[in-house]
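Step one of this worksheet: look at the structure below.
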Amino acid sequence: MSLEVRGGGVRIGDTVVLDGIDLTVPAGTVTGLLGPNGSGKSTLLRLVAGVGGALPGRVTTTGDVRWHGADLLAMRPRDRARRVALVEQDARTEVELSVRDAVLLGRIPHRSRWAADSDADRTAAQAALDAVGLTGLADRPLASLSGGERQRVHLARALAQRPELLLLDEPTNHLDIQAQLAALHLVRAATSGGTTALVALHDLNLAAAYCDHAVVLAGGAVVAAGPVADVLVPAVVDAVYGVSTTLLPQPGTDRPVLAFRAAAPPDLPAVGAWGG
Amino acid sequence: MTRTAQPRPRPAGPGRPDDAGPGRPDDAGPGALDRLPAVVPDASLPAVPAVDRRADRTGTRRTARVPSPALLLGALVLLVVSVVLAITIGPAQISPVDVWRSVAAHAGLGSTPLPALRDAIVFDMRLPRVLTAGAVGAGLALAGAVMQSLTRNPLADPYLLGLSSGASLGAVGVLVLGLGVVLPVAAFVGATLALLATLALAGSLGTTSPTRTVLAGLAVAQLCAAATSFVIFWSATGDSYREILSWLMGSLGGTTWTSVAIAGSALLLVGTALATAGGTLDAFAFGDTSAAALGVDVRRTRLLLLTGVAVLTGAMVAVSGSIGFVGLVLPHATRLLVGARHRVLLPLSALAGATFLIWADTAARTIFDPRELPVGILTAVIGAPVFAWILRRRRAVS
């Protein structure tokens, strides 16, 4: 019972973005998808979501993506969308939607093309709004919300989709620290209801604090995977990011904090020392 | 716009420890790096502060909505009333009763036909013109709403893909060079060729992404416009200038029952299909990837909808020339009323576009009586300020 990717690969034009990806995301976990810029995190999420065909350029996907044994890529898009929800990075719109209307978009895979919102749709949207704490803003225009609130709307839209597998691409991007913690907290809360979450993250400390498992990508391949305590160790992080990492205990929790220094004199221009 | 970022105090409900900050995992003793808690248990989940700014009314307004069935019904009634009233307006005095008697007589219902002259004014002149105006207005507004959603571009209109320029070239070919086909056919062929050129150009640049399609349409439109200008400059003489100008600006002057048949059948067949694509178009609000993740076959849907828009617009341009601003402004105005959900937006845009163009055309043929303005001038005069106002309002919201 899990998400299994075997031999996953994506080529855009002649560029190999992902190659030979093998990974397992245990059901019910929050699994962090980590790696430097350009390592293929977003592309992997899109491969799993089956939306490669919507990318610009000639996209070729290979490999096998199974959710609880069922072949996700061979499924009808609609059936897949009932199981897998994707929250993109910085999803934006020019359309003037209310918060509730934006959340109701998540019900599209669950109803016939011609149908109006059913009571079940409205109930699911309301439950999703309640779950992310946006009940009071339901009738606001989406554009009037702050970045953190908008991220919650996107999460609510994905929750209204009632997915078994929730894919999130950098859900903390451009958010202040309180909103970052809130966003990941809500993801955790969603998985307590049985949903599995695969979350692309830049901030390793957020991954250390919120994830059960972690998968590290570098150069389009998996370089480490497993329980987060086994993956977020200096041996892995130093090699992938080219830094020197120290694990520090964090008072009040048994989750570590990672502190970083440049491993070697980096190939960057020198900066004057602080304090003169 | 002011914004209160302060989280409200959380209600201390049962099972919600009030002291835990958002996202803090269980307290399992410091320094235990080697044994992480597997999952934060459900009961101990600290509450993320709920956002509630109901009291904070500064700046943004709530989106108050009229129930959509009532709006649609109201718009339909308004349209029917507009059709009847518009027929009564003009140099010859016609009453609503006359309209009814003429239509009933031709439908084989009425027993007292009008005098032949009055009947001809109603049934052969004003009725086909008003019906064509309605069909063209509905088709353009509908096509514009679909294009704006499909390209995620609020400036999109039905002519975006070079359609009107291609149609103009076809029409000028007939008017100036005297090509041996009827004008609507030439215009429609021109529009279709322009669309094919646009799609081929966009496809040769990679895939038909919204931006590429728009840019390719721009290139094709400019090329067709240059060819049109050249033909006019080189060959047009005397009276054909006025005829060409009137057509290029959009006019319903020469409409007949053939126009009604062309515009009406396109609206019924293609327009209805487009209007029912609402749920699918909703999925495009956050872009192609998002639509695909909601289970939409993005490439197929885009191609089908673009083709539908092209056929619909081609038919409308064929009977009326390129009437501007209807397809740009009416969808925006309708969104202000009912929001962006397409299930209501598309049919209501069509009804509003029909009513708008009927009145614009009525004004175009009466205010400078006996001279007649191309209706495209009026729609631009009304549409441009309205569009500016809508843009201002959008800025205020976001």
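Every residue number used here counts from 1 along the chain in the order it is shown.
Note: Cβ is positioned from N, Cα and C throughout, glycine not excepted.
Automated prediction, rather than curation, is the source of TrEMBL annotations.
Look at TrEMBL and you will find B:16-27 tagged as compositional bias 'Basic and acidic residues'. Annotated region 'Disordered' per TrEMBL: B:1-36, in sequence order. What TrEMBL lists as transmembrane segment is B:70-92, B:127-147, B:159-179, B:185-202, B:214-236, B:256-282, B:303-330, B:342-360, B:372-391.
Counting Cβ pairs under 8 Å that are 6 or more residues apart, the transmembrane segment (B:372-391) and the transmembrane segment (B:256-282) reach fewer than 3 and are not in contact.
Tertiary neighbourhood of the transmembrane segment (B:70-92): same-chain residues 98-100, 118, 121-122, 126-127, 130-131, 133-134, 337-338, 344, 347-348, 351-352, 354-355, 358-359, 361-362, 365-366, 369-370, selected by CB-CB distance under 8 Å and a gap of 6+ residues from either end. Panel annotation: around the transmembrane segment (B:342-360), residues 68, 71-72, 75-76, 78-79, 82-83, 86, 130, 133-142, 144-146, 149, 267, 271, 274-275, 277-279, 281-282, 323, 326-327, 330-331, 333-335, 375, 378-379, 382 of the same chain, lying at least six beyond its termini, place a Cβ under 8 Å from a Cβ of the stretch.
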